[in-house]
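Novice: Annotations per TrEMBL:
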type     : residues : note
SIGNAL   : 1-25     : signal peptide
DOMAIN   : 25-58    : domain 'Leucine-rich repeat-containing N-terminal plant-type'
DOMAIN   : 323-361  : domain 'Leucine-rich repeat-containing N-terminal plant-type'
REGION   : 447-478  : region 'Disordered'
TRANSMEM : 484-504  : transmembrane segment
BINDING  : Lys607   : ATP binding site
Amino acid sequence: MLHPLNMASLVSLCLLFSLLTSALADDAAVMDNLRKGLSSTPSGWTGSDFCSWEGINCGNTGDSNGRVTAINMASKGLSGTLPSDLNQLSQLVTLSFQSNSLSGSLPSLANLQFLQDIYLNSNNFTSIDKDFFTNLTSLQTVSLGENPDLAPWSIPDGLSQSKSLAIFYASNANIEGSIPDWFGSMPSLNELRLSYNNLNGSLPSSLPGTSIQKLWMNNQQSGLSGTIDVLAAMPDLRQVWLQANAFTGPIPDLSNCTQLFDLQLRDNQFTGIVPSSLTSLPKLVNITLKNNKLQGPVPEFSTGVNVELDNNKFCRTSVGPCDSQVTTLLEVAGALGYPTTLADSWEGNDACNQWAFISCDTQGKNVTIVNFAKRGFTGTISPAFANLTSLRNLYLNDNKLTGSIPESLTSLTQLQVLDVSNNNLTGGIPKFGDGVKVTTTGNLLLGNGTDSGSGDSPSSGTDTTSPSGTPAGSPNGSTPSAGVIAAIVVAVVIFIGVVLFVSYKCYVRKRHKKFGRVDNPENGKEMVVNKVMGGMGGYGGVPSELHSQSSGDHSDIPVFEGGNIAISIQVLRQVTNNFSEDNILGRGGFGVVYKGELHDGTKIAVKGWNRQQWAPKE
């Protein structure tokens, strides 16, 4: 008879053999389905020993012994489909079918915990299983690009479980939607190539959490938008392709991207001045900036750099500085984030030559009016306005400006009107000259809510208009803003409410103290005694209402309410002279009121329901 330990070992060995046999059978079934799904049998795929087939690798140790670990069938001229049970190859590490003519659905690869590399690019697949990437915890490389026949699909959240992902290539694969933020949680990611898809939205702000060297996002059908400021915090960048999208705003300072050699930004809507840091990147070889709205001087790159600059809004056609007024206005635009509205209409080297929102003197040489009213601009007010020494009227009202009013504006000797109303400005209001009309209404956190200056402003209560038809504010600066007025009204209402509440509580307490409780020793019923003072000989406070406090039957005995002192009926008879006619204060529809005086001098009034009840007894 076998020893129990030997028996257990034998059982375990049998179980292991059974599982291994089952796994081998599973692999055999999957490989047979794979062979049958292909239009023509690949060369060398004969016999039942799939481990000997061309392009198939099997393990030779441990759990992978005899199991399929790699399928390398790239560029074999294959057509047909992949089997739906492909994810039963549980020891699979590499799956490579790129550059063939495979079609149909990309089956789920879910739960292949050892799978590291997927190469399925350059085929004719028509759909992708929604669970394709689920629980691929060892995944490092995904190559699905150049599958233009795929039905529209979004990058699934299941891919976020692949924290070791280094390369994700899916250009021209009909991907739609936005770029997931969770890419930023993949520190090993160094290639993200998604060109020629239908992505929209902006570049995720999380991307600096990666190690991306190649970033390909060019030629999206919908066009990626927003700024590209995130690139400034990605020092590993080497190649950036963002051309043919809808990016806006200025090109950021990329001085930290010292490894960058290829930057493609053409065919977007970039504005602003090309930063000097871009022209001095040490390894830059290729840069395309054409077909944008870039402003300022033409950038000058080092010899040997391939540059495309055509079709922009530079102030000159060749290298050289801009006119001083142009330089100033571009600095002003920079504080506003270089709005596209300004870039569209500010071109050339003469600000007086039909620049939108700008008016000049009769000689057409000096800027006298800047009218940015109601343009929806964001950003701050640039101190550079002070360089426009002939400026008379400055309209910045009804925008979304933040920050403070620059002190430098007070140096403008020709300034007559400054309207910054209805923004989100903060800080103090500089002291302008008496001849300057300053309007600041609608800035709740600015100064004290009033305006400064203006010796020749219109009379109080009038609305003034700028020469261009824009509101210029109220007299002597501005009247209190609607927000301030609302705050004052609310405060007053609250104060009045508190006063009324306190007054009511005092009245109730005072009235409550007027009454004392009276017990009738005969039947336990109570009467109301009113303590009174002042008027009518000390009996001016006669109670106006009486009601029963008992739960028994109604009776003629008076009932007295309130208070917390007890007075017997005998005492009441005594102090009212047995309710004599001489002690009557008055009569009403519900009874008679008697006066009395207690032994301590307290004057009281007692009201009875039935006069007969209180008549002197014979």
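Including glycine, each Cβ sits where the backbone N, Cα and C put it.
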Novice: Lys607 (ATP binding site) has how many other Cβ neighbours within 10 Å of its own Cβ?
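Specialist: Cβ-Cβ neighbours of Lys607 (ATP binding site) within 10 Å number 25.
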Novice: Apart from its near flanks, which chain residues at least 6 from the ends of the domain 'Leucine-rich repeat-containing N-terminal plant-type' (323-361) lie with a Cβ under 8 angstroms of it?
Specialist: 248-250, 269, 271-273, 293, 295-296, 313, 315-316, 367-372, 375, 377-382, 384-385, 387-388, 390, 468
Novice: Give me the mean pLDDT over the domain 'Leucine-rich repeat-containing N-terminal plant-type' (323-361), rounded to a whole number.
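Specialist: Result for the domain 'Leucine-rich repeat-containing N-terminal plant-type' (323-361): average pLDDT 97.
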Novice: Helix, strand or coil: which one is Lys607 (ATP binding site) in, per DSSP?
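Specialist: Going by the DSSP assignment, Lys607 (ATP binding site) falls within a strand, counted as strand.
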Novice: Based on DSSP, tally up the residues of the domain 'Leucine-rich repeat-containing N-terminal plant-type' (25-58) by helix, strand and coil.
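Specialist: With helix first, then strand, then coil, the domain 'Leucine-rich repeat-containing N-terminal plant-type' (25-58) has 16 helix, 4 strand, 14 coil.
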